[in-house]
Amino acid sequence: MLSSYGKPGVEGITEGGECADGAFVVMRISPGPLFISPQKWKQLSRLQRSLILFLLMLLLIFGLFSFPSITEQWRGFSDREGWLEVNDRGVRTIIPGGKSLSDQAAEKDPPPMVRPDVGSDTVEETRDQNIPMMPKPPIKKKGPSKRGPPNLQKNVGAALPDAAEGEKKELIENEGGEEDKEENIISWRGAMIEADQATEPPPSAVDKGPVAPVPVNPAPPEATGGSVDRLEVVRDTFRHAWKGYKDHAWGRDELKPISKSFGEWFGLGLTLIDSLDTMWILGLKEEFTEAKSWVEQELSFSKNTDVNLFETTIRVLGGLLSTYHLTGDQLFLDKAKDLGSRLMPAFNTPSKIPFSDVNIGKGTAHPPRWTTDSTLAEVTSIQLEFRELSRLTQEPQYQEVVNEVMKQVHNLGGKQDGLVPMFINTNSGQFTHKGVFTLGARADSYYEYLLKQWIQGGKTEDTLLEDYLQAIDGVKKHLVRQTGPNRLTFVGELSHNRFNPKMDHLVCFLPGTLALGAHNGLPGDHMDLAVKLMETCYQMYKQMETGLSPEIAHFNLQASDSQDIYVKPADRHNLLRPETVESLFYLYRFTKDTKYRDWGWEILQSFNKYTKVAGGGYTSINNVEDPTNPGPRDKMESFFLGETLKYLYLLFSDDAELLHLDKYVFNTEAHPLPIWPSSPK
């Protein structure tokens, strides 16, 4: 028997054992060499010597077999061949020129596609994705933390003429990133689409799991010397979005481009109908013809389903009416009349303030399950469409019910210098949640429709103009502020006389509305305010690392050297919204200042870079501050085709007669309706 002992030595640990015949075997363990004296070796039995030789032979054979794979692996590293592969789980090693071990296993037993939980550390691998081979990742270097859109980041590399190209790339890739964090994550400039299909906000940066990229077509080249046809780029963008919808969500409400599926809201083909007039304006005849056939053969409102009065009116009723005016096709007016009549039960309330929801099959209506209130925007932003339906059909009831709503809101107390609360009760007809004023969600389009109804009706309804002018004065008095660092003008919120420096992206409709009012003879300082607010809305895009605006921005009122705009984690998402490009369209039409076109072009390029999904469609994203992982929400809102791309096309068009703003007024979903001829006096 061999009883072992050990003690620390200068070079390692000396191990020894007493043999049966009293001799000792002495071996020096790492880092010292293996050592047995000749005298001791001779004293070992034949069995002991055979055992030691056998163990040494095994070690030698193992070393010989492992040596080629080790040298081959390091040779692949030194040649800088593709050595890492990014998949839905993150980074995995692969054999150069071959398949990864996980790929080989997947071929035998492919894993099921599982929707990951938000905040999980891993994302389940999905099939049918072409995963790109990635070059060896750059060494993480510390550099100045600089916020800004991708075009600003490119200038960093340009400023290093003596640096190697690889070093430029590494510096650029690390611009705007957090230092010494997640060292093992590859930074890849370009669109990165996560496999997470959740529509909820992402986990915090601390809990962020691996990123799974989906390769997309490259963003369109930047315009140089007029070499890029911007109108054609908009058409291509629409075609790509439409392809995803046609392939995976045809006739449904919304496309889910990541999962290549669809979402239903009301079951009315929202995206298709919202896009009809856009296709006509862009000259996409083939796509329009296909969509028209669906409307003719498949669209039916005789179904037992609840729809939201406001959303259905602005998207579906508005879309059908505008398409009728552009095409002259009676099909669209007939469908609009059918829908309008089915929405009328919403107005059967004690106060004549409509319920938010109506069952278009049963002819019944009700408020939301959690309240008896409707939001102010919902009940005061359906007027353009119902008024136009009455004019076309010569049936006055549609206009009468929506005019009654405006009359009641005009006479209500609880306003503050023309500013209105966000909620109104359908039973009492009174404002609720008084003292809270915003031009963002739940109130925004009330102010927009005051002006646009006045314009639609030939500027004859003085009460509408009075309410609008008073409201703008209230905005300037209570809500307009400037940031401390760079004096950016923005519109905040008021809650019981307490100012909150917070502005929704939705508020970026206001520059365009102010400019439209000034164009129609309202005070010149409205245009001055429009120009200042337009700059701020553009900065909400420019100062984000992706070049895309967050849903909500907060502004710094302190005079300091810090940034003007900051974003809270819950507000970092972008839904492909149109309000900023809408206002850019108005500002360019009225000023002809080409900077507004250039700003719109930058925004379009950012959409194509960070939200475009391979195979078709665009997705809203979770984080505009993270260009390496913007985080898809797997949803393409119908207004991306109905509004955002339409306004971009009109912004870039040189045809001043295309939907001339003295002849058409746009509803809040960008559907153009004709301005009524003035009644003879």
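Cβ atoms are placed via backbone N, Cα and C, with glycine included.
Annotations in TrEMBL come from automatic prediction, not curation.
If you look up TrEMBL, you'll see 50-70 marked as transmembrane segment. The feature region 'Disordered' is assigned by TrEMBL to 95-165, 198-226. Positions annotated as compositional bias 'Pro residues' by TrEMBL: 212-221. TrEMBL lists GLU311, GLU551 with the feature active site, proton donor. Annotation comment: TrEMBL describes ASP444, GLU579 as active site. Summarising the annotation, TrEMBL assigns disulfide bond to CYS508-CYS537. Taken from TrEMBL, the feature Ca(2+) binding site covers THR668.
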For GLU579 (active site), the number of other Cβ atoms found within 10 Å of its own Cβ:
24
Near GLU311 (active site, proton donor), which residues of its own chain have a C-beta under 8 A away, given they sit six or more steps off in sequence?
TRP265, PHE266
Give the number of CB atoms, excluding that of ASP444 (active site) itself, located within 10 Å of its CB.
24
To see if you understand the setup: which same-chain residues, six or more apart in sequence, place their Cβ under 8 Å from that of CYS537 (disulfide bond)?
HIS505, CYS508, PRO511, SER549, GLU579, THR580, SER583
Expressed to the nearest Å, what is the distance separating THR668 (Ca(2+) binding site) and ASP444 (active site) at their Cα atoms?
10
Let me check the 10 A CB neighbour count of CYS508 (disulfide bond). How many other CB atoms are there?
30
Around the Cβ of GLU551 (active site, proton donor), the count of other Cβ atoms that are within 10 Å:
20
Measure from the Cβ of THR668 (Ca(2+) binding site) and count the other Cβ atoms within 10 Å, all protein chains considered.
27
Integer Å distance between the CA atoms belonging to ASP444 (active site) and GLU551 (active site, proton donor):
14
